[in-house]
Each structure stands twice: as C-alpha cells, then as structure tokens.
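Features of the protein shown, as given by Swiss-Prot:
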- 1-49: topological domain 'Extracellular' (TOPO_DOM)
- 4-36: repeat 'TNFR-Cys' (REPEAT)
- Cys5-Cys18: disulfide bond (DISULFID)
- Cys21-Cys32: disulfide bond (DISULFID)
- Cys25-Cys36: disulfide bond (DISULFID)
- 50-70: transmembrane segment (TRANSMEM)
- 71-185: topological domain 'Cytoplasmic' (TOPO_DOM)
Amino acid sequence: MAQQCFHSEYFDSLLHACKPCHLRCSNPPATCQPYCDPSVTSSVKGTYTVLWIFLGLTLVLSLALFTISFLLRKMNPEALKDEPQSPGQLDGSAQLDKADTELTRIRAGDDRIFPRSLEYTVEECTCEDCVKSKPKGDSDHFFPLPAMEEGATILVTTKTGDYGKSSVPTALQSVMGMEKPTHTR
C-alpha cells in the first residue's frame, strides 16, 4: 500500500519512503508528471517571478517615498515654523509681531508679566447649548459639566429608612406624598 507523500514527492516502494520528484524528472513516475512537466514548471516560475517583481517594486517605491518626504522636511523647515499656532489664527507671523510689540512695551515695566498673545487660547464654543447658556464669573469660556454633555445620564437615588415593624412605602407613594406616618404620638 502506497504512503501519502507531498505534492513534490513520490513514494519509492523499494525504500518504503517518500523521495523528491526532482531526482526522477528524467524518467518521472506518474505522480511526478505535473512536477517535472516543463510547461507547468515554467508557468509556476513565471508566477513567482511576477510576485517577486511586484514585491520588490513595492518596497523600492515605499522607501523612495519615505526618503523624499524626509528630505523635503529637512530642506524646508521654515514652512513648518510659519504655520499658525492656534486653529482659529490664519496668519502666524501677525501673532508673533503682536507678541514682540507687547513684550518690548512690557519690558519697560515689570519683567514678570507676559504678553496676552502668547497665552494659550481656547476657541469659542459653537454648539447650541453653549450659545444659549451664558458663562458665569470671570471666565471667558463655558465648559459644561459632564452630566450636561450630550448622551450623559443622571443617576437618581432615594434614601429609605427603617420605619420599624411597618412596611416600607412604595416609591410611587413616596413621590406623590401619600405615605402615612408610621409613628404617632
């Protein structure tokens, strides 16, 4: 009985073992015919060649793209410095000029005061809840509490006490104010 061998092997009944087909391609057994057929071998080799070429080109193109982007960033660092610092600001140089002007004006007085244009700015809220509610106190901006945010839920709990031996009133009776006093004097 012949043993099951791999696709590229045949069973040698003299040795009772599987042997590679490439050893018998000059006179192949029936199981090695597809492996040793030159037309099948060349088509498989052609497929592997196409795959290796595709993989090589992909690797070369990705390395070239990375190198070009790296070189462009190194050659043009001024473009990154000119970008606006805050999302609402369109011209970053105008903000720096304003800061320099305020800084020179402040240096005549107290050195510990920093210009307001260098402070961190927060954009105004544009949602309906923020527009309807007015900020309180000295704050320029309104930050809603977590329970007021969209999708938040509020947990409401009630306290119950031991009313002695009488039964505890139901929640509906407590809410409606219909509970009867348990202790009478």
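Every residue gets a Cβ built from N, Cα and C, even glycine.
Features per Swiss-Prot, on structure.
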| residue | record | DSSP (3 states) |
| --- | --- | --- |
| Cys5 | disulfide bond | coil |
| Cys18 | disulfide bond | strand |
| Cys25 | disulfide bond | coil |
| Cys32 | disulfide bond | helix |
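Relative to Cys25 (disulfide bond), the disulfide-bonded residues with Cα atoms inside 10 Å are Cys32, the candidates having been Cys5, Cys18, Cys32. Cys36 (disulfide bond) sits 7 Å from Cys21 (disulfide bond), taking the CA atoms of both as reference points. Each of the disulfide-bonded residues Cys18, Cys32 was scored by the number of other CB atoms within 10 Å of its CB, and the largest score is that of Cys32. Around the Cβ of Cys5 (disulfide bond), the same chain contributes Phe11, Cys18, Thr31, each under 8 angstroms and 6 or more positions distant in sequence. Per-residue confidence over the repeat 'TNFR-Cys' (4-36) averages 86 (mean pLDDT, predicted model). Cβ neighbour count for Cys21 (disulfide bond) (all protein chains, 10 Å cutoff from its Cβ): 21.
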